């Protein structure tokens, strides 16, 4: 891969391996849990100073702000004393960069400062963007509570497939991707007086593109103010990007920086002496040891994804039921795919005599602040998407976090009192981590971004003003894919109607192509269900003590044509059984995920109606499965693979080897199919796989592949350059 997130590599730990781990007490005041053999060594974070004596830490057991009413809590936030300065800077500068640690109050208070100062007068709105939907929902809910108003009126939010706002909304939270889409209809974002780009340091692809567009907009709209909010010290990068003053006279600067002190306490950081063989099990053991031996205070555990979070939560709940002479252990999951009501549980006050354990992905690293956290367990891993330079395939990879992310995680333990962070990796490994995470725009598939830019009127995407330019090979791969999909023509202009319609879907281009072509294959009803199901992470759940039962049930849903037909089967049965939560539980199906897919499906149906795509079903037809699978090929022909005698699948383009994902329904087949397409890649495995016939590639993508034997292809190349954008060297 072209993307290397760390300096050096950690040995990949096994999940589900290794014995239970205990802790040995170090010879220092800020001790780790007390049973061994897993040994922790203490290191204090550089910005925290030395931890105070343990007797001082014992004086505070609960959140000192919990007894205050909401307005008193607002006043106590660190950012409140900067209120006047922030409002002055909004008058003085066109762009304001606010640097403040997570938890200082910038995300919830700055919008209220602006509202109170009249920036939402005359029908204008204040909009705040976030990279993640969970942050959008939680922040909007909190601000509405602080303003004592109904969520959706004065304060509202908009995320993909869910709009909780009305025409009178004054403060609106939304994902950065949705604000990008608004520019399609309103290029100058004229209804907004102030646009606040929050969590800009996360450098999502949408955020980077949005910053580039806003830089153009403020040159036209003198009345618009841009606020860029960041939790890390990269303020100069943003200031230089937005600064329009070229005279050298600072009095004419158009961008200014304000730093906000955080409300942090010292955090004692403990590293393991050696690498752990199974970080999920080690995280479970560490939680139990903290709960048995440490003072009151909630725990935050960082894992990489929904499957790990649910697995660890289940183990903790089982162990918690057997604990004696301990306070109650309340286990709460937190990840992006959770419904809003479930996500909000992480923010609920912890009852007396209870310790809350929040098991989260990296959404809890910076986007949201969970109250009451005193202990952090950092596994040192995160899942990121990265594109392979040669074959253009985007992979969801588990990689080590950066040093900046590790410090962010540790800092979550020091919000209300001196805290502790337990890192499940040695300090020597930490020193090999990269300083920061590579911006998403420099490691991901660019087709969606290019499609959006084209729709926004940016014709020369290479010369767009990027905060960090993407690599040229990524731009070329993205343009080639869009051309192959029929979204752009030979001059790189959007095609009509296909390219224009694809740009309006809040989906990756390959997904939207399948939807827009589905009526031609007589399966639009089925395809809208499959595409909706592709937007959720996991269709099935596998409790760690019921794996055999889950596999037996799962096998009943599996069909030999592959995962997408299996998804269709599951959703159909879900609807036939009244969308029952009990039915899902009995069949090890992800109820939360299917409810989300149901909502997404409704939104996609409305879009198809707007584009006058005929509603037609293949159900009951002899060639039903074939129609659906051929329709999938129209979008995912570039991700075709052939079975190799080594047991791997080789991509047709560039002959790149992949394993079959162990959770695929293909694994239930006696023999592996010879040809497949895949719509997702995790690490080195293809998942969400559908069986195809090789002739379909010839029929549906003759413009993308060359066909013939090795000798025929060699002779064709000797005669002249290939007229296609990609060539396959495999025999066909």
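Even glycines carry a Cβ here, placed using N, Cα and C.
Residues 198-201 are the range that Swiss-Prot records as motif 'DEAH box', among 194-197, 198-201, 202-205. Counted with DSSP, the motif 'DEAH box' (198-201) comes out as 2 helix, 0 strand, 2 coil. Scoring each of the binding-site residues (100, 103, 105) by how many neighbouring Cβ atoms lie within 10 Å, the top position goes to 103.
Around residue 107 (ATP binding site), taking its Cβ as the centre, 28 other Cβ atoms fall within 10 Å, counting all chains. Taking the centre of the Cβ atoms of 100, 101, 102, 103, 104, 105, 106, 107 as the ATP site, the nearby residues of that chain (Cβ within 8 Å, site residues left out) are 77, 78, 79, 231, 260, 262, 369.
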